[in-house]
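Below is one structure, written out as structure tokens, with a few remarks after it.
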């Protein structure tokens, strides 16, 4: 049977209501909607995205949850008029004017110096539309009509207390709300000082102790912005950027105590990424560390892991557990150590191709997996690190000097050391010779740019030294090249200003540090055996570049010595086909070395120890002119050879000689140093009864006691050498020590020459009693086991003329003669004899500094010897 196709019946056309027509939609789109917060009109297309940005501030105390609803109810509310869901609040009466009035942002800052921490500040909850032009709902079901009918009868919507996020207020209340919820974006130094005073008052009246590192950081900030510089000005608003001042204000005023603690902890550590969970375990004094992290992110002090965008950074902070979990996900062998796992994941991310042929998506997938396994990670922002480094540098440039890392590799964190020293001074466990409180401040930075350049230069040098110690010579050389480019691009006026500063101030400038970085470059090139390039860098520092010849005066002699060594020995002569050509080239190199020696001898900045080394090289060089006369004339020191017992067995630490002596009381052999073995030999076999291994500490202590008021003078004339309370010496305890105190030194030398023995001894006892608990650069109290009596007894054994000559050499050229003293100082109080002994073990040789001091002691009538200790093997290990 054939099927009959039914005809489609078309009914009458029903007109569409205007509210659901396309014209209404265009009209509504053209009208747009007005933001209830900023009172700006937006199109419907951009209104939703704008509301995601223009949301209620985190400190708004007028937000109140009026109702909760499901996803379906939210859809209906967006499509309908202004409605309030639920009947449970229909009978409640909510006053239109609440008792608690809104206060302006200024009033809040005055009354609440520490606003509460907001744990979460994402108020992206969709609310009912406030527009009266909403489209009709798509369907007119009975359920929807009943809900709408019930809600319209409720009077709560009209009388309720409305949130600024949900409804429009009057123009006046709207402006007040915006003042309350918008973060303070500007501040002045006076406001920062007021906040600091409020902070100090609050912690003084609080029962809960504030961590020392927070109090010390605030103390540093207060001194920087409130202490007058030497020119009568302050580090005020015209010195700092507006962003710097608002950062200071937010740190003191807006951050909670926990957030302050976390920020300072992150600052004194390396600026790396850190696991929040590990920080929570490490810093138990921070009660709510997660809330503190949220607060610091809100005020833009730190970054969260959303900015962790490189695979190398993620791999660097991942522990072995995280790496194994990620390796398992990508089916990589996880039975490896951490270093091998890092290499495997990096190789996998860079070698595997995605379906589109690239490796980027695979790398992103590995990075995403690492971030998932790591959890929450935070990092202090680089601009915050630089800003706080500026504060610490201004407070104490001596302690925060990057040269401390070179001289003492254990000082890896100078900023943490500074905070700890401030704590020690505050609780009285350590005393320093600096005035406390110190009324002075470093005043040689004309503007913020100069200060920031110096801070950046210190960071560059620290990185360069770290790369050198790790053996990454190529990276270290790149950093040195950056320093060289900075010097070449520095304006001439700025170079002249730096040259006008005194030496003890000039060493805290960027030009000084970058010049020192160029000196590091020569060491890097020598380690790479690129002696030709090293010579070119050294010539530039010493001869060609006139702008840096007033910098790093202490290092110029060393650079000269290394350059001459490279020219004389290390620089290989190219082999030419002809022997005569090779010989000619060799002669040219030696002639160049002789020429450089003559130029070096005219450099007044060369210290005696390098001058002696250059003189030794000149005497060996045949190409020197026949009329050459050595500038120094030193004799050969007396030598003595002794034997001491050593252990013949190796204990596995690489030491060849282990000296021992017999302890008769315990009847056992005791290990000792070669200096101790020599000291015991002299006391047992020579005329001396007392001796110490001090390497000059005894002589420095006597010098410090007799000239204490001159060296550590704190009057107004010497104000520029004291910058903070934690200095253990004036900043000019170097080349310019004598020049700034010449008259006082000469008066003291005349007094020591004519004063009787008892008067000088009484003066030594008086200074010892006053300063024996003080930590300073000159006096080493621990080397005198019997205290002041040992110190007086050795003073009685030193001939007066010899003592004056030794102390004059120290005073007039402190930087050149502060080191190199012989190892042992021996004396006999009964016979009034004294001697200095330089001890050398098997294979050791004298340095130029030691040769100079031995010659100087001998020339002034003090017994000076070189004691060579030979090993006498013992087969018994007791």
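Note that Cβ sites are derived from N, Cα and C of the backbone, with glycine treated the same way.
Among the ranges 32-59, 60-87, the stretch that Swiss-Prot annotates as zinc finger is 32-59. DSSP assigns residue 823 (Mn(2+) 1 binding site) to coil in the three-state reduction, outside any helix or strand. Same-chain neighbours of the Mn(2+) 1 site beyond 823, 838, 839, judged by a C-beta within 8 angstroms of the site's C-beta center, are, in sequence order, 675, 678, 822, 824, 837, 840, 850, 866, 867.
DSSP assigns residue 839 (Mn(2+) 1 binding site) to a strand in the three-state reduction.
Most Cβ neighbours within 10 Å among the binding-site residues 823, 838: this distinction goes to 838.
Applying an 8 A CB threshold to same-chain residues 6+ apart, the list for residue 839 (Mn(2+) 1 binding site) reads 674, 675, 678, 823, 824, 867, 869. In terms of DSSP helix, strand and coil, the domain 'VRR-NUC' (757-870) has 57 helix, 22 strand, 35 coil.
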